[in-house]
Amino acid sequence: MAVYIITFILSAIILGFGENKRGLGAKFLIILALILPIFIAGFRKIGIGTDTEVYVNVLFDAAKNSTSFFDYLSKKVYSSFQYKSVLNWEIGYNILLYFSAKLTGSIQGVFFFTHLIIIIFMYKGIKEYGESYSKAIAMLAFYFMFYGSSLNAMRQWIAIAILFWGTHFLNAKRDRCFIISIAVALLFHNSAVIGFVIWLIYKYMDNEEEKRRLAFNGIQLSADLYKVLVILVVGILCLLGLNIIGGLLASINSIFARYVRIYISGSVQLMPMQILRRMPIIFFTFVNWKRIQRRFPTSGFIISMLILDTVTSQLGSITPQSSRMGYFFSVYETILIAEVIAVKRNYIRILYHIIFVVFLVATFYYDNVIMGRSEIVPYLFFFN
């Protein structure tokens with residue numbers, strides 16, 4: 001665990017120095033900061049991350065023993081106690097795995113290039129979202145909250161990172177470019193279809209014609225708060241009607257039918273712990289709601305992502321893998337945490353830094369040490 005914590009904090013500190021510099025010095029520090037977690041991912045032993053053994057290793061062997069890319073695509077591999085065609089995995093990931101395997105001749109090379117994509121798109125997404133918060137804090141939040149999961153659900157995290165980066169196109173009113181980012185993300189994981197949900201929510205939150213206030217028992221609700229409450233209600237209704245939604249998705253094609261069967265086929269039960277673990281972010285967000293709104297024009301969208309993450313976290317009652325769908329929403333909490341800290345001043349900001357660092361470390365410890373999610377602890381280098 002110490003390897004992760006030291007890497008995360010060191011990367012964030014170097015990134016913080018890089019934010020305050022200009023020119024080549026800034027670029028050098030940023031590259032140095034980002035390469036640290038990429039190296040940790042690249043130098044890990046097979047088994048650090050469940051899916052490294054479930055499919056990455058067998059696909060790597062198939063790629064290494066193939067005479068061409070098309071020969072690789074024609075192969076079958078033994079994964080999850082059955083033989084599967086290589087084409088069962090998305091074509092984008094197959095391209096990445098095949099060429100990184102051939103280029104480096106090592107599965108560590110595959111791990112390295114996988115996280116090179118994830119980390120770069122995450123940082124670019126945080127940077128290009130275009131608001132004045134600490135990018136170092138946002139990346140620190142990513143490291144502690146999601147890096148462990150990214151060592152396991154690699155294909156999905158490539159898709160998440162690409163979509164997350166693509167959000168800056170929505171801020172720039174370039175919807176077509178965001179749709180293209182969804183298409184690219186789908187090349188790595190079919191769950192990236194959730195990008196269309198993100199797009200619709202952004203358009204709903206950004207609709208100037210619906211700026212209104214709602215009076216409820218004498219309390220005036222802002223337009224954004226009203227919309228967030230609407231999204232909460234719709235999200236809960238979707239959970240209650242999950243079987244109907246699953247049936248509609250399954251009717252699209254066999255690929256979606258497979259994901260419905262694996263991830264959302266079953267009844268949802270209340271998971272209080274998943275709500276409780278998000279309460280610090282929810283609490284500090286709503287305590288600072290007005291300040292965040294004044295300083296960050298698109299904060300309503302980011303907060304709606306927090307709400308949807310809380311709702312979709314209940315999918316974990318079906319299978320642990322089901323809650324992964326919520327990562328597409330929860331990844332925006334990296335920005336939200338940075339925004340909450342940014343609106344405070346002086347010693348209060350220092351206090352918020354301490355509170356959130358403690359929260360992030362506790363989250364990482366709970367997920368990866370106590371619960372053993374993703375099987376990334378203890379960390380082992382490939383030469384151990």
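For all residues, glycine too, the Cβ spot is worked out from N, Cα and C.
Small disclaimer: the values here were computed from a predicted structure and weren't measured.
Beyond the ends of the transmembrane segment (24-43), by six or more residues, the same chain brings 3-4, 7-8, 10-12, 14-15, 17-18, 108-109, 111-112, 114-116, 119-120, 123, 136, 139, 143, 147, 150-151, 379, 381-382 to within a C-beta distance below 8 angstroms of the stretch. The transmembrane segment annotation in TrEMBL covers 24-43 (among others).
The transmembrane segment annotation in TrEMBL covers 95-123 (among others).
The transmembrane segment feature in TrEMBL is assigned to 144-166 (among others).
Look at TrEMBL and you will find 178-204 (among others) tagged as transmembrane segment.
Taken from TrEMBL, the feature transmembrane segment applies to 225-250 (among others).
Residues or ranges marked as transmembrane segment by TrEMBL: 301-319 (among others).
According to TrEMBL, the feature transmembrane segment maps to 325-343 (among others).
Sequence annotations record features per position, and here TrEMBL assigns transmembrane segment to 350-366 (among others).
Sequence-remote contacts of a segment are chain residues at least 6 beyond its ends whose Cβ falls under 8 Å from one of its Cβ atoms, and for the transmembrane segment (95-123) they are 30, 34, 37-39, 41-44, 46, 52, 56-57, 59-60, 63-64, 66, 69, 72, 135, 139, 142, 150, 154, 157-158, 161-162, 164-165, 188, 331, 334, 382.
Remote same-chain residues near the transmembrane segment (301-319) are listed as 198, 201-202, 205-206, 224, 227-228, 231-232, 235-236, 238-239, 262-271, 274-275, 278, 281-282, 285, 292, 325-326, 329-333, 335-336, 339 (criterion: CB distance under 8 Å, separation of at least six residues from the stretch ends).
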